[in-house]
Amino acid sequence: MREEVTAARRIVVKVGSSSLTAPGGDLDGARVDALVDALAGRTAAGREVVLVSSGAIAAGLAPLGLTSRPRDLATQQAAASVGQGLLIGRYAAGFGRHGRTVGQVLLTADDVTRRAHYRNAYRTLRKLLDLGAVPIVNENDTVATDEIRFGDNDRLAALVAALVHADLLVLLSDVDGLYTGDPARPESTRVAEVHDATDLAGVTVGPAARTGVGTGGMVTKVEAARIATGFGIPVVLTAAPLAAAALAGEPVGTFFHRVRRRPAARLFWLAHATSPRGRLHLDPGAVQAVVGRRKSLLPAGITAVDGAFNAGDPVDLVDERGAPVARGLVNYDAVELPGLLGRSTGELAATLGPAYEREVVHRDDLVLLAGAPTPASG
Ligand SMILES: Nc1ncnc2c1ncn2[C@@H]1O[C@H](COP(=O)(O)OP(=O)(O)O)[C@@H](O)[C@H]1O
Ligand SMILES: N[C@@H](CCC(=O)OP(=O)(O)O)C(=O)O
């Protein structure tokens, strides 16, 4: 038995399109009901459940006479508009059998990335849970544009899990776990546990099957697991029919252990949920100082600036090859910086005044990005 699973009080469960629809694309009522029964079992046992459900686009296909998932955004949005109502209607009926009320929560990326918005989203979810309802979250597909879209719901689910401070994230798909390669190949085997990146070294993480209704495949699920475990939330990835077993703590699917230390919430959002408004190019010495010695970034180490940001905005710090190594909140407007580059803080203070002695990004407002070189690896 997985103790972290059985002890979890607040659980975010994400279910993919492929687990809710019949092969033709229509919503499969029996599958929805089976999932609802598994979740209602947990709510009856006093657990709080937030469901992140995909399937709006898939559910809208058949009613609109479409035979496969459309590629263009406008048709996807029309399908989502038709399908989302059907989906929620189905869940409302399903949970109604258990005497539970559901609440629809449609979010855009902005709602979980901008501080003022995610506080608002948090309050709504919190209140629904306090009132005993089951929040059912999806991306707000009808208004999300290509630029701001998550597209798949895996990353959204990880961010929602962080938002509501969940104790567990369960990702339900059409495959019963992470496999070492394409699960259709006989030589692929299920990975039972992932402790850290080394357990993923021999794993080929692939996209969704081309014929299906899913979008992200394993790539977005492993990324979602990385985000959630980095926030101290363990993740179970398994197939939807195994939901009840997974929620009971049985050793099904793939269990991603959490990284013990929960980062400061503010820095977590900075790393995972904000979009940078610009880029600061660092010379090698500045990369060493920021990444290797965790120092603040000073004007002297910056060689170029891109973007139209204001003081307080998130920006990426990139190395000489343009690879992001850290993200931070910048203390200057973009227009101010070109005149300061390469100059020491002492010189700037002497010529421009003491206000210009401040760091470009303070170390407390900096978070290193995954993949950044560590001091040991150079
Ligand atoms: N290493 C892997 N292990 C398991 N599944 C994989 C792997 N690589 C690619 N996949 C594919 O990912 C699919 C699940 O992703 P997707 O279709 O997006 O599901 P969902 O709709 O549940 O989000 C599986 O059906 C499988 O074809
Ligand atoms: N918001 C979209 C999710 C798109 C999607 O297919 O996601 P997933 O099945 O989780 O890979 C929908 O409801 O159709």
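Along the chain as shown, residues are numbered 1 onward.
Using the three backbone atoms N, Cα and C, a Cβ is placed for every residue, glycine included.
When secondary structure is read from DSSP and collapsed to three states, MET218 (ATP binding site) falls in the helix class. Feature annotation from TrEMBL assigns ATP binding site to LYS14, SER173, ASP174, THR215, GLY216, GLY217, MET218, VAL219, THR220, LYS221.
In this structure, SER54 (substrate binding site) belongs to neither helix nor strand by DSSP; it is coil. The Cβ of SER54 (substrate binding site) has 30 neighbouring Cβ atoms from other residues within 10 Å, across all protein chains displayed. The substrate binding site annotation in TrEMBL covers SER54, ASP141, ASN153.
The feature domain 'PUA' is assigned by TrEMBL to 278-357.
Sequence-distant contacts (6 or more apart, same chain, Cβ under 8 Å) of ASN153 (substrate binding site) comprise LYS14, GLY16, VAL52, SER53, SER54, ASN138, GLU139. When DSSP labels each residue, the domain 'PUA' (278-357) comes out as 30 helix, 24 strand, 26 coil, counted as helix, strand and coil in that order. Proximity to ligand 2 (Cβ under 6 Å from any of its atoms) holds for these binding-site residues out of SER54, MET218, THR220: SER54.
Every protein chain considered, the tally of other Cβ atoms within 10 Å of the Cβ of THR220 (ATP binding site) stands at 25. Here the Cα atom of ASP174 (ATP binding site) is found 22 Å from that of ASP141 (substrate binding site).
Checking the binding-site residues ASN153, ASP174, MET218 against ligand 1, the ones whose Cβ sits under 6 Å from it are ASP174, MET218.
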